[in-house]
Amino acid sequence: MFLRRCRLFIGGGILVALANMLVQFGLPYTDMSKGAPSFTWVVESIGYLGFTFMIPIMGAYIASSIADKPAFAPAFLVCYLANDKALLGTQSGAGFLGAVVLGLAIGYFVFWFRKVRLGKALQPLLGSMLIPFVTLLVFGVLSYYVIGPVMSDLMGGLLHFLNTIPPSMKFAAAFLVGAMLAFDMGGPINKTAWFFCFSLLEKHIYDWYAIVGVVALMPPVAAGLATFIAPKLFTQQEKEAASSAIVVGATVATEPAIPYALAAPLPMITANTLAGGITGVLVIAFGIKRLAPGLGIFDPLIGLMSPVGSFYLVLAIGLALNISFIIVLKGLWLRRKAKAAQQELAHEH
């Protein structure tokens with residue numbers, strides 16, 4: 001549910017990119033501490049405001065996916081508390097780890113609480129007053145004294161690990177993240193990798209989300225292009241959907257690749273996963289960064305991904321690999337399938 005709401009942050013991301021572009025064109029950048037704030041600072045601040053609520057919204061939607069609307073508000077407030085290092089007095093906020101733990105805990109607590117029976121007089125107050133009050137009190141106190149500091153320490157350790165990880169291990173992790181993003185095209189494995197990379201933006205770690213910006217658009221675009229390059233490997237219906245898959249996929253909507261994978265799961269998923277993993281490594285190797293969710297292939301043009309040349313080079317290599325894997329693996333798969341059908345027909349006669 002939350003992942004469909006990532007549109008909440010796209011506007012903010014584009015505003016941040018707009019501010020960066022205006023500064024590059026020579027407009028002044030002055031923050032409030034140095035006098036009257038400049039227009040570019042105001043635009044950037046509005047954009048970053050969305051990222052202030054990124055972690056609380058994550059936790060709130062996790063909780064509401066379990067216990068529906070009554071869990072949303074208390075989870076939002078508690079996750080905001082747990083992610084504010086100034087309020088907690090810690091080195092780091094709880095980050096996405098805190099959002100996951102608190103979102104799940106509050107969700108199941110509210111799910112149980114809604115089943116409590118208080119009698120006709122008090123029952124109407126359960127959802128409107130008692131659940132928000134008790135949940136906020138219990139988890140607010142727990143978050144301040146226990147969960148928040150513990151998750152903050154864990155998040156701080158994770159950030160330190162990501163910043164000091166040896167290159168060989170970082171490449172292995174990048175391959176894993178890229179492969180997960182391409183594996184099930186919008187499914188739970190894809191969303192897990194997306195969630196991890198996206199949540200690091202709030203900590204100003206941008207290279208992992210760059211993997212999302214490149215790999216997520218590859219499966220549909222590669223499938224569509226492969227349809228034009230090797231049309232004999234695809235059905236008429238797949239050929240008709242190719243143009244749409246390319247256009248929609250170019251804006252980082254992976255789902256148009258699903259029909260191609262359902263028609264030939266083994267070769268298509270294998271091709272996507274291998275190409276996604278290799279491309280993930282290339283993204284890290286070329287030092288590509290992505291500031292926020294945006295418009296896929298157009299992200300570098302609006303300042304959300306850099307370096308521009310490296311992005312398009314890595315994307316071209318990734319697509320070439322993906323298309324090659326599709327053509328080779330699906331060709332082998334279709335020939336094996338045709339051979340098996342002929343043998344079965346021969347046995348029948």
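Glycine is treated like the rest: Cβ placed from N, Cα and C.
Annotation comment: TrEMBL describes 1-341 as domain 'PTS EIIC type-2'.
TrEMBL lists 7-26 (among others) with the feature transmembrane segment.
Look at TrEMBL and you will find 46-64 (among others) tagged as transmembrane segment. A Cβ distance under 8 Å defines the sequence-distant neighbours of the transmembrane segment (46-64), meaning residues of its chain 6+ beyond its ends; these are 1-2, 5, 8-9, 11-19, 71-80, 83, 93-96, 98-100, 102-104, 106-107, 110, 195, 198-199, 201-202, 292.
As annotated by TrEMBL, transmembrane segment applies to 94-113 (among others).
The transmembrane segment annotation in TrEMBL covers 125-147 (among others).
For 208-229 (among others), the entry in TrEMBL reads transmembrane segment.
Annotation comment: TrEMBL describes 241-262 (among others) as transmembrane segment.
The transmembrane segment annotation in TrEMBL covers 269-288 (among others).
Taking Cβ pairs closer than 8 Å, the transmembrane segment (308-329) reaches residues 210, 213-215, 217-219, 221-223, 225-226, 229-230, 233, 266-268, 270-272, 274-276, 278-279, 282-283, 286-288, 297, 299-301 in its own chain, all 6 or more past its ends. Under the heading transmembrane segment, TrEMBL lists 308-329 (among others).
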- Model confidence for the domain 'PTS EIIC type-2' (1-341), as mean pLDDT, reads 87
